[in-house]
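Residues or ranges marked as phosphoenolpyruvate binding site by Swiss-Prot on the basis of sequence analysis: 22, 23. Per Swiss-Prot, UDP-N-acetyl-alpha-D-glucosamine binding site is recorded for 92, 121, 122, 123, 124, 125, 307, 330. Swiss-Prot lists 116 with the feature active site, proton donor.
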């Protein structure tokens, strides 16, 4: 198990480059098996989830080559293979293989997905979408078995109860080779969905309306990759570095961003008093002065992203007065980081799943646990702010979502080391 050791209290400065979007990458890799020709993805982040997805592809005889930020995937010799629950349970995004396998083979056998522990994240909308396309779905021995009818999947009108990113992406992948037209109503509008649609359209799919709440897909016979696909920048990684820069930065420029993907987040940070200059594809975050508390409410895109409520929390602690409020309307139970911040001296608490933050003059180093990716990012920022040494256990969770994090932090001047905990078997050593 990984530990991140931070000797904090040092102002950081310099430049940082944002990697490709994790939430695109973890869908694009499974979607690659829909192609009958080799796929090239560029701008791929070096994160643990990518390595885990490559392992799952290996189970299906799909060859992968990952060099620097380019991932080559060759599915030409793919075989239909059940994906075991053991490997699936470490990776929530493995559920995208349901839609991808169903679209490619007309059948998917996938163990129940795992990933971050942030409360209930049911996949009932995914299942209802597959059933609307004509598939049968059953649960057996901790596996989901999805089977298309003998004459294949048929297009359908599917109305999502809520705009789920995962369900929208899975239905797109299953329906691109279905017969006829599929319409997804109340679809999620996240930039990562546009990225997936662009990738599939460049392989011959016919998808219109991605980025709106109604997506139309005309089924085609097969897909063939023709050109490399460059993944969009990671808006969550970018937002995390904005928070870090405002908390402990002495002037940091963040490169490779799409500002409009961060509109809701940047508006809230600037409401606090953080000064940011935006160029065409970069942001410069000035050293923060006196900041004021704000209220944060997460929402589906284009609202404030749930994945950024934890990274902004340390910034609230730097305000000079008042009470900051964080309400996560997407995952109300995403509060595990609060007890860990309290170990570091943070004046923060939870009441009825609402986070209440108060000015905290100084954090101190402590041993804390990164229960999931974004909680880990929150604690990482807090550790960089704190006096003394902070040890973050389960730091492998941070590596699941943040590209080359140790290297990037050191380039900004941070004293950070990631190592294996000698008391726990090491995993993900190749990240």
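Numbers run from 1 along the shown chain.
Glycine too: its Cβ is placed from the backbone N, Cα and C atoms.
Counting other Cβ atoms within 10 Å of each Cβ, the lowest count among the binding-site residues 23, 125 belongs to 125. Neighbour counts of Cβ atoms within 10 Å were compared for the binding-site residues 124, 307, and the top value is held by 307. Sequence-distant neighbours of residue 330 (UDP-N-acetyl-alpha-D-glucosamine binding site): residues of the same chain at least 6 apart with a C-beta under 8 Å from its C-beta are 298, 299, 300, 306. Note on residue 123 (UDP-N-acetyl-alpha-D-glucosamine binding site): other Cβ atoms within 10 Å of its Cβ, all shown chains, come to 19.
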